[in-house]
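Visitor: Once you've had a glance at the structure underneath, I'll fire off some questions.
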Amino acid sequence: MAIQPLRLDPITVLGKQLVIELFDCVDQRFDDIQWIEESMLEAARQANATIITSAFHKFSPIGISGVVVIAESHLAIHTWPEYGYAAVDVFTCGDVLDGAQAVRVLSERLGSRRHLISSMDRGLGGHRLGLLSRSLAGNGPVDEDSPTLRWALGQGTGVA
């Protein structure tokens, strides 16, 4: 019997990834590894994630990279304090995690004045991308009521 290729129509979503760009981060602890790790753990807790472990590394002279491994997948961060910039990924394989809450916690704790959030459905057959929320003109909070953000988090249709 010949093996038949798996047919996908068009994508079998296995997880959702939020890609968060945090700009103009002004908190003075932005290069403090313990504070960044605690911020990431707090974001995971407030997002209802089940924390498994975490690992963080401080670069010389500045910058931090780290990951919080959760039962639902992971949260990762890479900081560039010299630019006031952080790149954050929140990936979840289930529908329990509140990604908007994780983003809100990190944006507030890092003192981000501008942000850009994109979403990607990931899985078998490819991926889908979407822009969720942006505050590139200055000091705007994460818009958790955005129809696009609700859609990306599996909470709505994405239509206003």
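Along the chain as shown, the residues are counted starting at 1.
For all residues, glycine too, the Cβ spot is worked out from N, Cα and C.
Annotation source Swiss-Prot lists active site, schiff-base intermediate with substrate at Ser73, citing sequence analysis. The annotation active site, proton acceptor is assigned in Swiss-Prot to His78. The active site, proton donor feature in Swiss-Prot is assigned to Cys93; the stated evidence is sequence analysis. Feature annotation from Swiss-Prot assigns pyruvic acid (Ser) to Ser73.
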Visitor: About how far apart, in whole Å, are the alpha carbons (Cα) of the residue listed as 'active site, proton donor' and the residue listed as 'active site, schiff-base intermediate with substrate'?
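Guide: Checking the Cα atoms of the residue listed as 'active site, proton donor' and the residue listed as 'active site, schiff-base intermediate with substrate' gives a distance of 6 Å.
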Visitor: Near the Cβ of Ser73 (active site, schiff-base intermediate with substrate), how many other Cβ atoms are there if near means within 10 Å?
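Guide: So the Cβ neighbour count for Ser73 (active site, schiff-base intermediate with substrate) comes to 21.
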Visitor: Run through the Cβ atoms and count how many others sit within 10 Å of the one on His78 (active site, proton acceptor).
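Guide: Total other Cβ atoms inside 10 Å, all chains included: 15.
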